[in-house]
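Asker: Here you go, one structure.
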Amino acid sequence: MCDLSISGDDVAEADLVTRRGTFRSVAFRDPLDGHEHLALVYGETTMRENVLVRVHSECVTGDIFDAMRCECGDQLNAALDAIVQAGSGVLVYLRGHEGRGIGLVAKVRTHVLQDHDGLDTVDSATALDLPVDTRDFGPAARVLKYLRVRSIRLMSNNSDKIHALESHGITVAARVPLLVPANDHNLRYLVAKRDRLGHHLPHLDTFTHGRLDSAGA
Ligand SMILES: [Zn+2]
């Protein structure tokens with residue numbers, strides 16, 4: 001459980017007009033990790049049950065520059081589209097989560113090992129003596145409590161993320177799959193997430209048939 005809560009001194013809110021519509025931007029400084037994170041709130045979510053939520057880990061290369069070696073940017077866009085389509089929801093954008101927490105420089109170093117030595121996303125981290133996943137989802141739990149969301153439907157393929165949020169006192173009523181199309185550049189990454197990190201990616205079963213040997217690396 002998280003004992004800390006976000007204080008008003010560490011929050012600023014304003015409307016944010018986007019191409020998708022008008023969100024409430026809630027910028028907050030987390031009391032534990034010190035990072036400045038952002039929640040985008042669409043529609044009415046206060047004291048609501050089953051709010052559609054995406055907890056998204058920062059990925060500069062994927063989110064901003066549309067890199068195709070991961071699916072982060074596609075997931076970010078799909079989640080925002082789903083929230084708008086549902087009429088309400090929250091996207092929590094967590095900073096300091098680059099490369100599952102190892103940082104941008106280290107992440108790009110893992111890319112070198114992936115490209116030159118054929119290592120996957122897990123082995124390329126451990127080969128550099130880096131942890132596979134150090135992400136803390138406490139800030140997301142704290143902002144959802146600050147927003148007084150009562151329970152959530154989490155858009156994720158990662159059961160560990162659900163357990164992490166629940167351990168911080170968030171009620172996760174359901175997991176909503178967030179599947180984006182695979183391509184030849186992200187296929188190895190997605191397969192590693194499925195086979196080594198336990199992500200639910202059933203759509204890969206048809207895509208990988210006969211293609212993995214020629215993909216990636
Ligand atoms: Zn990414």
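Glycine is no exception: its Cβ is also placed from the backbone N, Cα and C atoms.
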Asker: Looking at GTP binding as recorded in TrEMBL, which candidate out of Thr22, Thr121, Thr126, Thr171 goes with Arg54, Val55, His56, Ser57, Glu58, Gln75, Glu98, Gly99, Arg100, Ser156, Lys161?
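Answerer: Checking Thr22, Thr121, Thr126, Thr171 against TrEMBL: the GTP site match is Thr121.
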Asker: Any idea what DSSP makes of Asp133 (active site, proton acceptor), helix, strand or coil?
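Answerer: Its secondary structure by DSSP: coil.
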Asker: Please check the recorded positions Cys59, Cys70, Cys72, Arg100, Arg135 against ligand 1 and give me the ones with CB under 6 A, sequence order.
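Answerer: Once distances to ligand 1 are taken from each Cβ, Cys59, Cys70, Cys72 fall under 6 Å.
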Asker: In terms of DSSP three-state secondary structure, what is the assignment for Arg100 (GTP binding site)?
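Answerer: Once the DSSP labels are grouped into three classes, Arg100 (GTP binding site) ends up as helix.
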Asker: Which residues, same chain and not among Cys59, Cys70, Cys72, have a CB within 8 angstroms of the centroid of the CB atoms at the recorded Zn(2+) site?
Answerer: Ser57, Thr61, Gly62, Asp63, Ala67, Glu71, Gly73, Gln75
Asker: Taking His56 (GTP binding site) as the reference, which of Cys70, Cys72, Asp133, Arg135 (the recorded positions) have a CA within 10 A of its CA?
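Answerer: Cys72, listed in sequence order.
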Asker: Would you count the other C-beta atoms found within 10 angstroms of the C-beta of Cys59 (Zn(2+) binding site) for me?
Answerer: 22
